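Okay, here's the structure, questions in a sec.
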Amino acid sequence: MSETFLIKIYSLFSSTVTANNLVKRSLRDSTIECLDDGRFYRNPHRAINRMWSYSECSKYFLCLDGEVFEFRCSEGLLFDVTRQICDFKANVDNCDVTAETKIPKPLLHDAPCANDAQLGCGDGTCLPNEYFCDGSVDCPDGSDEGYCNPNNDPNAADKCDLSVCQLPECFCSKDSTQIPGGLEPVNTPQMIVLTFDDSINMENWNLYQDKIFTNKRKNPNGCPIRGTFFISHQYTDYQKIQKLWEQNHEIALHSITHRGPEFWWRDNATIEDYFDEFVGQANIINKFANVRMEEIRGIRVPFLKVGWNRQFLMMKEFGFVYDSSIVAPFTNIPLWPYTLDYKIPHACLGDNNCPSRSYPGVWEMVMNQLEVEDGRTCVYADQCPANLNGDDVFRMFMHNFKRHYSTSRAPLGLYFHSGWFKKPEYMDVFVKFLQFLEKLPDVYFVTNNQAIEWMRNPTPVNQLHNFEPWKCSPKQLDPNEKTCSYPNSCKLHSRVLQQDRYLITCNECPKQFPWIRNELGLD
């Protein structure tokens, strides 16, 4: 078997399924004919009465360079030929389908449609323009979604139009380096946005309460510094989520399942999947942490694998305020967040799938990369080179702070998973960095939503003591919204995960472990 051939197989896995945890075995098979379209398929000759059996539905084939190879999903998983991934049995409904139907190209303007407000499907069916590349199949032959990408969308967003786009609802600029309100950098606060992804529990609680967000750390207006927490469901202690919200930190969403493979979010997740994952997680947080639904405003997609128009159509429909999943290419002048009324003002980085349509009023808290001294870049702190010592990390933080502070004053986002802080010297230098910033009169630690509120109403540094969204009046809470001292620790069975899980909440225990499509844990 040639090295080039192996590279082709690896490349295909990289874009469809995760070979490490989904592929059981790989064997050459000469009895199955070649369907040479670069996609996985099933045995066309399998017995009808065996189609839905585990042995047949977990098996799939690939033809490359005229050779057919057999693969099998890991134990307990079945192959979904439509999504081209292995998944749990409950999520696979096409064991009887041999191969994915090849989608024809749409005719678009070449179809003899009745008016200019319609485009043609591949079979000549005419549908409203907005149905094409919206993430939902409408053409009988599926052609309205078959040839879509950020650069090939008949309904693509226009470039920024400053004569139309006006604050507080719309913000854009040619290259996203313009300061909102036309303020000069010297009059602009340098916002620091600390975000933390995944679950909150006893393993990281002391980090947040005793190390980072201590009562002694204040902004120049006298208010405590605050952060944004993107919450995923498993292993989360909802009493602690409630406490963070009571302390005026921002609670945002990171999905229920945080499922893999990571490219599923980019390529396979439907509008309904995004709704189930993020609206479902909002319902869980609202139900078991008593966080007000109207204060759950933002989302971040797992693995930062942006879900193209499907993700943002869901956000617009549900009323989410912002996304923070898009990573900008590195530039010497960091980028400001923007609304998605117009085409995004930068390239879509790497293999991501950025939105191509207009989503008026939805903000993108774009993620600027950190630059390491040798020119390498990283997004999350734990993605930075592992060989950095404490001094290297401190220099990295200081360099990137100065890069923001001395140029556009765009918010400096510092993105973490709590595991990064387990290295003592990293924790020490981060505290040292915080202590340096606390001395500066124009540096404010704010949540994502507070940054958006400032952008909607740009306020000079010398007026920020009276800027209402950054004040720290105690939250007026109903009795059930006050965090309890002794929560319920609920041992619950999960039908999907096939094992018990614990749910910690100040509220009553549900009947089942909350999960996707059963976020309230009903029996």
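In case you wondered, yes, glycine gets a Cβ from its N, Cα and C as well.
Annotations in TrEMBL come from automatic prediction, not curation.
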Among Cys133, Cys160, Cys165, which cysteine is annotated in TrEMBL as forming a disulphide with Cys148?
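Going by TrEMBL, Cys148 is disulfide-bonded to Cys133.
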Looking only at Cys86, Cys95, Cys139, which is named in TrEMBL as the disulfide mate of Cys121?
Cys139
Which of Cys121, Cys148 has the fewest nearby Cβ atoms, counting only those within 10 Å, among these disulfide-bonded residues?
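Fewest other Cβ atoms within 10 Å, among the disulfide-bonded residues Cys121, Cys148, is found for Cys148.
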So what sits near Cys133 (disulfide bond) in its own chain, CB-to-CB under 8 Å and at least six residues off in sequence?
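Those within reach of Cys133 (disulfide bond), by Cβ under 8 Å and sequence separation of 6 or more, are Asp144, Glu145, Cys148, Asn152, Asp153, Pro154, Asn155, Asn309, Ser356, Arg357.
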Name, in the order they occur in the sequence, the residues of the same chain whose CB lies under 8 A from the CB of Cys139 (disulfide bond) and which sit 6 or more residues away.
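When sequence neighbours closer than 6 are ignored, Cys139 (disulfide bond) has Pro106, Cys121, Gly122, Asp123, Thr125, Leu127, Tyr131, Glu145 within Cβ distance under 8 Å.
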